[in-house]
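Annotation source Swiss-Prot lists Zn(2+) binding site at Cys69, Cys71, Cys87, Cys90. Taken from Swiss-Prot, the feature Mg(2+) binding site applies to Asp489, Asp491, Asp493, supported by sequence analysis.
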Amino acid sequence: MIDRYKHQQLRIGSVSPQQISTWANKILPNGEIVGEVTKPYTFHYKTNKPEKDGLFCERIFGPIKSGICACGNYRVIGNEKEDPKFCEQCGVEFVDSRIRRYQMGYIKLACPVTHVWYLKRLPSYIANLLDKPLKELEGLVYCDFSFARPIAKKPTFLRLRGSFEYEIQSWKYSIPLFFTTQGFDTFRNREISTGAGAIREQLADLDLRIIIDSSLVEWKELGEDGPTGNEWEDRKVGRRKDFLVRRMELAKHFIRTNIEPEWMVLCLLPVLPPELRPIIQIDGGKLMSSDINELYRRVIYRNNTLTDLLTTSRSTPGELVMCQEKLVQEAVDTLLDNGIRGQPMRDGHNKVYKSFSDVIEGKEGRFRETLLGKRVDYSGRSVIVVGPSLSLHRCGLPREIAIELFQTFVIRGLIRQHLASNIGVAKSKIREKEPIVWEILQEVMQGHPVLLNRAPTLHRLGIQAFQPVLVEGRAICLHPLVRKGFNADFDGDQMAVHVPLSLEAQAEARLLMFSHMNLLSPAIGDPISVPTQDMLIGLYVLTSGNRRGICVNRYNPCNRRNYQNERIYDNNYKYTKKKEPFFCNSYDAIGAYRQKRINLDSPLWLRWRLDQRVISAKEAPLEVHYESLGTYYEIYGQYLIVRSIKKEILYIYIRTTVGHISLYREIEEAIQGFCQACSYGP
């Protein structure tokens with residue numbers, strides 16, 4: 001449907017019988033109204049043409065071939081001069097055959113039938129509104145018992161029954177005998193209500209606002225009593241309060257959506273368009289039919305039988321009528337949801353019939369597979385792998401995927417730069433993978449974001465925008481910090497990539513959907529781009545060092561390990577080692593590591609800036625080394641101070657490792673980049 005803002009939307013809910021009739025009925029040019037399916041037949045076994053008023057009737061659902069009626073006559077579609085617009089012999093309109101994808105029909109039920117979703121699904125909406133046990137309502141729906149209508153003011157049979165003792169044997173046996181008499185239909189229609197009709201009458205008598213007020217009053221009364229000390233009673237009260245809350249919310253929803261409660265009981269059963277439940281001819285002349293067709297046939301057979309019992313056979317026993325109503329109810333239940341809270345119906349090969357619920361629900365259902373998960377142009381799919389060298393807002397796109405997604409843009413670039421005379425020549429260059437193709441592809445990708453999506457998309461961070469870069473291989477590279485937003489793991493998960501085409505979509509991707517703009521959880525506001533798993537392990541290894549400290553003693557087990565340029569004797573715990581190297585800056589330290597002169601966790605002394613003090617006023621030096629020129633070294637736990645003869649601080653060295661230096665430089669560059677970006681701001 002399309003709302004007033006011209007937004008296409010799909011809304012699921014209950015509708016009135018009048019609305020179903022409006023959807024299905026259509027008036028032919030001769031004034032005849034068609035739409036009701038009355039016969040359980042599909043195709044004639046000799047002519048292979050749809051049966052009239054059957055499940056594939058061309059009068060109801062439209063012609064199988066565009067502009068050709070059931071008689072074989074042909075008319076040009078849309079030609080205003082050709083009259084009439086339908087065949088006078090078979091009554092089929094000369095319209096496009098695509099009408100069979102959306103034209104509905106309906107079955108007029110001989111008795112009301114409850115919708116199984118509202119009755120047997122938990123929580124049961126019908127049971128909540130009527131405030132009655134589900135088991136009692138099921139017994140009423142399936143004609144296991146009845147209730148009396150309080151409509152007659154004069155003494156009636158049921159009113160007189162209260163003046164007798166039901167325990168008397170003669171009275172107990174007289175009631176069943178009366179139910180089998182010929183006058184039972186009149187008595188039943190006047191005073192007894194059973195089946196789904198009884199549910200419909202009770203739902204029609206409900207006042208939703210009174211339900212809300214009474215439930216609220218009862219909820220407040222239960223809350224005023226407080227705990228009784230009896231655990232069983234307190235649980236019972238708690239369950240009752242929860243039920244009242246659900247009942248009020250349900251009533252408010254019915255009021256807000258303008259849905260009447262009695263619409264949960266069906267009088268007209270919609271029939272799906274035939275193209276959504278096709279019959280296909282396979283090899284050998286055999287026909288393959290959708291299971292829904294067989295379930296519809298079952299409903300029509302039983303409904304027609306009930307209609308005959310109510311109209312033609314006046315002497316039909318009441319018990320037989322009630323039994324047939326139960327069969328109609330069960331047939332509709334099987335059509336809507338086969339096997340809900342019971343044994344499913346099976347065919348001759350012991351295969352469970354696929355009902356309407358099975359068609360639309362689940363991963364392979366109509367919504368998730370066809371509507372939500374349908375394949376679209378300018379999209380691809382591949383496995384994701386970690387790309388630690390990528391920026392947070394970038395993703396690595398394989399060349400094979402990128403050239404397919406941006407092929408039209410590359411073709412336009414080749415033609416504009418006069419590198420190809422037409423589309424065919426441009427495609428030929430792309431197939432041959434000429435170097436100029438990759439240059440143009442990179443130019444195109446620089447100004448065009450892509451969208452990455454991981455199913456299931458449970459919140460808005462399931463789709464984020466990235467700036468693509470070309471990578472080798474066939475996997476999509478992703479920054480590890482965005483993993484949590486997608487709820488993805490790098491263990492074989494797949495993600496889909498989409499190219500936004502319109503300017504509005506590209507602007508939305510850049511302003512709202514880029515990954516570096518979605519650092520907080522939209523639900524609770526906590527940071528969502530945080531290091532996890534292997535990133536934490538990597539940071540630990542990077543900054544762990546050898547953890548020996550400057551004070552080497554024989555009780556530290558780390559001192560027993562062998563290091564380069566170091567020997568430890570276990571006999572007398574004496575050790576000799578080369579002096580730890582001194583570096584003037586971090587570049588020299590990292591250069592020494594790359595030349596394999598030191599290890600990642602080897603301790604070293606790094607000159608520190610004097611303006612960044614690391615001195616603790618209360619800390620005393622562990623050792624003091626004096627030199628011949630008067631300068632001396634004060635050695636502390638994790639730093640070293642070089643002082644002049646006048647006790648002025650000349651240099652400060654900190655004891656660190658290459659791993660610490662690398663992490664510090666990354667953090668420093670990130671902070672400087674952030675400050676630089678902020679300086680250009682308003």
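Note that Cβ sites are derived from N, Cα and C of the backbone, with glycine treated the same way.
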Quiz item: In whole Å, how far is Cys71 (Zn(2+) binding site) from Asp491 (Mg(2+) binding site) when you measure between their Cα atoms?
Solution: 61
Quiz prompt | Neighbourhood of Cys87 (Zn(2+) binding site), C-beta criterion under 8 angstroms, separation at least six | solution = Cys69, Ala70, Cys71, Asn73, Phe94
Quiz item: What's the CA to CA span in angstrom from Asp493 (Mg(2+) binding site) over to Cys90 (Zn(2+) binding site)?
Solution: 56
Quiz item: If you draw a 10 Å sphere on the Cβ of Asp491 (Mg(2+) binding site), how many other Cβ atoms land inside?
Solution: 7
Quiz prompt | Near-site residues: Zn(2+), ref Cys69, Cys71, Cys87, Cys90, CB cutoff 8 A to centroid | solution = Ala70, Gly72, Asn73, Phe86, Glu88, Gln89, Gly91, Val92
Quiz item: At the Cα level, what's the spacing in Å between Asp489 (Mg(2+) binding site) and Cys90 (Zn(2+) binding site), rounded?
Solution: 61
Quiz item: Neighbourhood of the Mg(2+) site (Asp489, Asp491, Asp493): other residues with Cβ within 8 Å of the Cβ centroid, in order?
Solution: Ile384, Ala488, Phe490, Gly492
Self-check item: Other CB atoms, at most 10 A from the CB of Cys90 (Zn(2+) binding site)
Solution: 16
Exercise. Please report the number of other Cβ atoms within 10 Å of the Cβ of Cys69 (Zn(2+) binding site).
Key: 22
Exercise. Identify, among the binding-site residues Asp489, Asp493, the residue whose Cβ has the fewest other Cβ atoms within 10 Å in this structure.
Key: Asp489
Self-check item: Packing count at Cys71 (Zn(2+) binding site) (other Cβ atoms within 10 Å of its Cβ)
Solution: 12
